[in-house]
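Some notes on the structure that comes next.
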Amino acid sequence: MMLPLQGAQMLQVLEKSLRRSLPASLKVYGTVFHINHGNPFNLKAVVDKWPDFNTVVVCPQEQDMTDDLDHYTNTYQIYSKDPQNCQEFLGSPELINWKQHLQIQSSQPSLNEAIQNLAVIKSFKVKQTQRILYMAAETAKELAPFLLKSKILSPSGGKPKAINQEMFKLSSMDVTHAQLVSKFWHFGGNERSQRFIERCIQTFPTCCLLGPEGTPVCWDLMDQTGEMRMAGTLPEYRLHGLVTYVIYSHAQKLGKLGFPVYSHVDYSNEAMQKMSYTLQHVPIPRSWNQWNCVPL
């Protein structure tokens, strides 16, 4: 059975339920939170049953997924209370179009088995990417205080070092900066990623530092799941703590709006892990997962 959730009341009940399952539900919780705050990306939430759902999938409306090669748009966020038994639901042809290039995002590594099994049944190849998920201490305090119990937070008080404010000016990104962001984004560098970035810049709060020429030298964006993403610094401005300052400023801006603040870092990126520690972001290992699926 497949049930699209209609109306504000159902979606608010879903958000509350997902909140009780944090951090395993974080990627879906963040997405549903923004659906309930105006739904700027025009997404839908589908469950296997209601109100006692086992699995929820959030994705764009069918009419928005017209480009079979655009996995940035063809993205599904999934949370399941029963990852071992969600394969049948995820395999419903009317739920996920496995004939498209797509990506699945989840805070649950335990979904891997179901996705790998579906790859054989539906004949697509799948590549899993796993990263460290980080939740800002203030967000953890409010949504999942138990995460802070065993964590030693940085003595910095979560604040970055000061920057040269005569040289750099705190600002927001403009849609004309999308090409620059795409060029330096690990998952970007193409026309479709640039379109996705343009949409994120137009839709959600961003943060950047403008350099002496008045153009961005360091930046941070937010995607449709509410995650801070696509941070970058021009090579000649690296190692000066600018990205720490930008991410701190962006997190403050999102926090003031009442948004949950979270991000992810590659296991090999020690500089960004150190920065996350400085800013008192709480690490949740293996909790950022993405599966890129390409039909054979």
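The backbone N, Cα and C atoms fix where each Cβ goes, and this holds for glycine too.
Positions annotated as N6-succinyllysine by Swiss-Prot: Lys16 (among others). Around Lys16 (N6-succinyllysine), there are no C-beta neighbours below 8 angstroms that are at least 6 residues distant in the chain.
The N6-acetyllysine feature in Swiss-Prot is assigned to Lys16 (among others).
Taken from Swiss-Prot, the feature N6-succinyllysine covers Lys127 (among others), and the record attributes it to similarity to another entry. Non-local neighbourhood of Lys127 (N6-succinyllysine): Trp291, Asn292, each in the same chain, at least six residues away, with C-beta under 8 Å from its C-beta.
Summarising the annotation, Swiss-Prot assigns N6-acetyllysine to Lys127 (among others) and lists similarity to another entry as the type of evidence.
Among the features that Swiss-Prot reports, N6-acetyllysine is placed at Lys141 (among others), with the record citing similarity to another entry. Secondary structure from DSSP puts Lys141 (N6-acetyllysine) in a helix.
Counting only residues at least six positions away in the same chain, the Cβ atoms of Leu148 sit under 8 Å from the Cβ of Lys141 (N6-acetyllysine). Look at Swiss-Prot and you will find Lys141 (among others) tagged as N6-succinyllysine, backed by similarity to another entry.
Look at Swiss-Prot and you will find Lys159 (among others) tagged as N6-acetyllysine, backed by similarity to another entry. In this structure, Lys159 (N6-acetyllysine) belongs to neither helix nor strand by DSSP; it is coil. Sequence-distant neighbours of Lys159 (N6-acetyllysine) (same chain, six or more apart, CB under 8 Å from its CB) are Tyr248, listed in sequence order.
Here Swiss-Prot flags Lys169 (among others) as N6-succinyllysine. For Lys169 (N6-succinyllysine), the same-chain residues 6+ apart in sequence whose C-beta sits under 8 angstroms from its C-beta are Leu209, Leu210.
The number of other CB atoms found within 10 A of the CB of Lys183 (N6-acetyllysine), across every protein chain shown, is 12. Positions annotated as N6-acetyllysine by Swiss-Prot, on the basis of similarity to another entry: Lys183 (among others).
The N6-succinyllysine annotation in Swiss-Prot covers Lys183 (among others). In three-state terms derived from DSSP, Lys183 (N6-acetyllysine) belongs to a helical segment.
For Lys256 (among others), the entry in Swiss-Prot reads N6-acetyllysine, with the evidence type similarity to another entry. Neighbour count (other Cβ atoms within 10 Å of the Cβ, all protein chains): 9 for Lys256 (N6-acetyllysine). DSSP assigns Lys256 (N6-acetyllysine) to a helix in the three-state reduction.
Among the features that Swiss-Prot reports, N6-succinyllysine is placed at Lys256 (among others).
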Separation of alpha carbons, Lys256 (N6-acetyllysine) and Lys183 (N6-acetyllysine) (Å): 30
